[in-house]
Amino acid sequence: WTNKTEYILSMIGYAVGLGNIWRFPYMAYKNGGGAFLIPYLLMLVLCGIPLFFLESAIGQFCSQGPINMWRAVPVLQGVGLSMVMVNALVSIYYNVIIAYSLYYMFASMQFPLPWPSCSSWADRKCSSLPKVYCNVSGVLMTNWTQENITCPSSNKITVSVESPSEQYWDHVALQRSSGLDKTGPVVWHLALCLLLSSIIVAAALIRGIKSSGKVVYFTATFPYVVILILLIRGVTLEGARDGIDFYIGSQSNLTKLTEGQVWKDAATQTFFSLSIAWGGVPTLASYSNFHNNMFLDSVIVTVINDGTSVFAGFAIFSILGHMAHVYGKPIGNVVKEGFGLAFIAYPDALAKLPISPLWSILFFFMLLTVGLDSQFAAIEVITTCLLDAFPNILKSKRAVVTILTCIIVFLLGLPCVTRAGIYWVTLIDQFVASWVMLILALMEIIGFCYIYGVNRFIKDIEMMIGKKSFCFWLWWRACWLFLTPCIIAVILVWSLVIFVPPTYGKVQYPAWGLALGWCMVAFILIWIPVIAFYKVIKAKGNFCKVVSLCSPSEEWHPYLDIHRGERYSKNTAAEETVSDNKTEDKKM
């Protein structure tokens with residue numbers, strides 16, 4: 001890193017993702033409003049900060065990517081490869097979400113906006129207001145009155161309708177088909193936006209962190225400017241107070257804290273919003289100064305990440321509250337999460353404001369920058385691992401490796417911009433970016449805290465940040481050895497027990513689609529036993545060699561000689577089992 005600021009901004013940009021904007025506000029609303037902050041902040045302390053600290057320390061100590069960092073526990077090197085596979089798959093669908101944001105940003109550059117009212121692309125279900133008919137002698141009639149008597153409530157029939165913004169999303173933006181098996185042609189406006197997204201990412205990463213470190217000055221800070229602008233505008237609108245009350249105000253429900261689901265949601269949201277176990281944190285930390293205080297950085301980044309979620313919620317709910325006021329509906333009827341919030345509910349709400357194109361452009365440009373930061377880190381993980389694996393061949397060809405990686409990600413993303421593309425995006429999101437990460441995080445803790453040894457790991461950290469008190473390490477020992485792994489294990493088991501096959505709205509996935517989802521999970525996790533089995537076979541039955549696979553290899557040490565000290569010098573004591581017999585300093 002050129003300086004500490006670029007590192008912190010890159011970490012914040014990586015940690016703060018789309019989930020902070022479109023998932024947390026809904027989770028808080030659903031789980032008791034302000035009461036949800038209690039388990040959410042508790043899980044940050046017990047799970048989020050310990051894992052972020054762990055990954056930052058590992059990456060900074062060895063200056064290696066997620067594969068080579070497992071030189072500390074060679075038998076588990078497959079975990080690092082699994083992390084790379086996760087990034088490869090997630091980067092495909094994240095690139096598509098960036099393409100959606102680009103498309104909506106360009107579509108917002110017209111007045112009036114194209115989605116506030118039903119147009120030529122709409123069908124008969126399109127309506128801004130619910131359609132109510134009166135059953136008069138078996139005939140359905142609208143606006144029926146007779147002798148100043150309105151239709152009896154028992155004869156009223158409400159027909160389900162779709163809002164103009166929902167139909168615009170389905171019929172124009174996605175041109176969505178009826179299911180995963182109805183692929184249809186490529187939606188070319190999305191394909192072009194996908195290409196533009198890939199070009200932006202490649203250009204930002206062409207020189208690795210030297211170039212991306214400059215880009216994050218804008219991409220990591222601009223979202224906060226937009227959220228602040230939207231919040232200021234939102235709180236001045238009629239109905240905004242009702243929205244904020246439902247989000248985190250007087251409508252908070254403390255009795256929700258007695259429900260286990262609330263605590264599970266808090267832990268899950270904390271875990272996934274920090275992008276733990278994706279390999280991005282150790283990759284970015286691997287470029288840090290060896291004596292950088294990664295503990296302080298971890299606290300700063302994780303607190304800012306959680307604060308961003310809460311902050312964004314105020315901007316979201318203030319404007320949704322106004323939308324509910326305009327429609328005369330309860331807040332609960334307009335609140336959505338995920339794609340429904342970002343591309344249906346919120347655009348609909350923004351369309352009700354004066355100068356609506358301006359607010360819409362700002363919002364989707366914010367989604368674009370938030371998505372790009374996460375995509376930068378995902379691609380950087382892949383390229384870093386390739387450069388670590390083949391340093392002699394690829395070290396001088398970073399630009400070529402980055403461009404080729406972005407081209408491959410673009411080509412693999414093309415099926416996600418067909419008419420069935422949204423089903424593919426949802427499938428990857430539900431199977432890959434979910435409880436698979438819990439397994440990888442659990443393997444990290446087992447590998448570095450139990451097999452490698454928490455005491456040895458603490459000594460490694462103290463080589464970087466200096467000696468700390470017994471009480472300081474007592475807390476982190478408790479987290480790494482007991483609290484954090486227990487929480488992860490409970491969430492993992494619970495997630496598997498209550499697992500429900502994913503759907504997109506009311507559309508069910510075919511059996512082969514669900515099977516493909518499980519194949520993606522297998523493709524990620526299979527490397528853990530395969531690599532372990534390969535290393536055991538390579539040991540040729542020699543018991544001492546098999547046991548040594550659970551001990552650090554000779555290549556496990558700080559990258560530079562000057563930082564190795566006595567513990568990792570060539571003449572270090574045998575009991576450390578981490579001697580360095582390398583004759584040249586090169587990145588493997």
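Keep in mind that glycine also has a Cβ here, set from the backbone N, Cα and C atoms.
All TrEMBL annotations are machine predictions without curation.
TrEMBL records a disulfide bond between C118 and C126, which is the match among C126, C134. The Cβ of C126 (disulfide bond) has 18 other Cβ atoms within 10 Å, all protein chains considered. Report note: the Na(+) site is defined by G13, A15, V16, N20, S273, N305, D373, S374, and the residues of the same chain whose CB lies within 8 Å of the CB centroid of those residues, excluding them, are I12, Y14, G17, L274, S275, T308, V370.
The transmembrane segment (186-206) shares the most Cβ pairs under 8 Å with 79-106, out of the stretches 79-106, 431-453, 511-534. Sequence-distant contacts of the transmembrane segment (399-425) (same chain, at least 6 residues past either end, Cβ-Cβ under 8 Å): 88, 91-93, 95-97, 99, 174-177, 179-187, 190-191, 194-195, 198-199, 201-202, 205-208, 339, 379, 382-383, 386-387, 504, 507, 509, 513.
If you look at the transmembrane segment (215-235) against the transmembrane segment (474-499), you find fewer than three C-beta pairs under 8 angstroms, all six or more positions apart, and that falls short of contact. Counting Cβ pairs closer than 8 Å and at least 6 residues apart in sequence, the transmembrane segment (511-534) and the transmembrane segment (266-287) reach fewer than three and form no contact.
Of all Cβ atoms in the shown protein chains, 27 besides its own fall within 10 Å of the Cβ of V16 (Na(+) binding site).
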